[in-house]
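> Summarising the annotation, TrEMBL assigns active site, nucleophile to Glu106. Annotation source TrEMBL lists active site, proton donor at Glu110. Here TrEMBL flags 234-246 as compositional bias 'Low complexity'. As annotated by TrEMBL, domain 'GH16' applies to 26-220. The feature N-linked glycosylation site is assigned by TrEMBL to Asn114. Positions annotated as region 'Disordered' by TrEMBL: 234-255.
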Amino acid sequence: MASSSSFNLRNSVMLFLSILASSLMAASAANFYQDFDLTWGDGRANILNNGDLLTLSLDKASGSGFQSKSEYLFGNIDMQLKLVPGNSAGTVTAYYLSSQGPTHDEIDFEFLGNLSGDPYILHTNVFGQGKGNREQQFYLWFDPTADFHTYSLLWNPQRIIFSVDGTPIREFKNSESIGVPFPKNQPMRIYSSLWNADDWATRGGLVKTDWIHAPFTASYRNFNANACVWSSGASSCTSQSPSSTSDNNAWLSQEMDSTSQERMKWVQKNYMIYNYCTDTKRFPQGLPPECANANQS
């Protein structure tokens with residue numbers, strides 16, 4: 001009887017310690033000290049509030065940036081951003097996934113600043129094997145400078161879904177069957193930077209950065225990555241199929257349901273301002289092959 005009680009007590013203690021360790025891991029999952037390195041800007045990038053907040057700043061001398069410590073090969077990734085307020089013309093806040101090299105893969109959110117009172121432009125793009133030119137641009141249906149909003153990327157072997165506050169705005173499907181490269185073999189880091197691009201960012205470069213308003217500052221919080229971490233040539237996900245894993249990896253085969261598709265259509269109808277798949281002037285020899293499938297519209 002004593003040994004049984006001792007056994008049960010030991011199991012209870014081990015279970016408690018396991019739960020405690022899990023909760024501590026969850027609590028530290030969004031800690032910027034743990035997850036990111038400040039890579040450039042000479043003090044213009046800062047981690048604050050015990051790791052809960054990260055800020056990037058831009059002045060006339062320099063912008064700033066950071067990158068994730070980990071590389072990922074597929075993931076469901078969220079970040080909350082509050083963009084540069086006021087007159088942000090000429091500035092770009094870039095938040096993206098990218099591998100390295102001339103045939104790199106990349107998945108982009110870029111926020112193009114504008115004159116005070118005008119809407120930001122959210123610029124999206126997908127690169128596969130070094131080839132991009134797949135831009136879609138949107139106005140946002142809220143002021144992205146007044147508060148934090150969640151910008152999400154769902155990236156699995158079948159598709160990439162861009163979402164804002166849980167509303168999908170764009171889907172890029174895997175069209176390898178018709179010869180379109182899809183990001184699925186190169187692990188990517190998360191990057192973000194705030195920089196001056198007044199040669200093109202606002203009205204094609206007509207509106208320049210007004211340095212009287214510097215420093216310009218963007219803020220980040222509540223990073224979360226339910227993702228396959230790539231390390232030493234191997235993925236932390238044992239399978240690319242969620243059937244052999246837990247519900248936590250259901251995103252690996254996730255697709256949009258009818259409600260999500262309707263919400264995306266609403267965004268694209270009301271807020272999309274550019275779609276490469278309708279730009280016949282840009283592609284006089286014919287639109288990219290994935291556009292014919294209506295996959296990217």
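Positions of Cβ are set from backbone N, Cα and C atoms, glycine also.
Have a look at these and tell me how they're positioned relative to everything else.
All chains included, 18 other C-beta atoms sit within 10 angstroms of the C-beta of Glu106 (active site, nucleophile).
In sequence order, Val92, Thr93, Ala94, Tyr95, Tyr96, Leu122, His123, Thr124, Asn125 are the residues of the chain that are 6 or more apart from Glu110 (active site, proton donor) and have a CB within less than 8 Å of its CB.
Cβ-based neighbour count (10 Å, all protein chains) for Asn114 (N-linked glycosylation site) stands at 21.
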> In whole Å, how far does the CA atom of Asn114 (N-linked glycosylation site) lie from that of Glu106 (active site, nucleophile)?
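The Cα atom of Asn114 (N-linked glycosylation site) is 25 Å away from the Cα atom of Glu106 (active site, nucleophile).
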> Within the domain 'GH16' (26-220) only, compute the mean pLDDT.
94
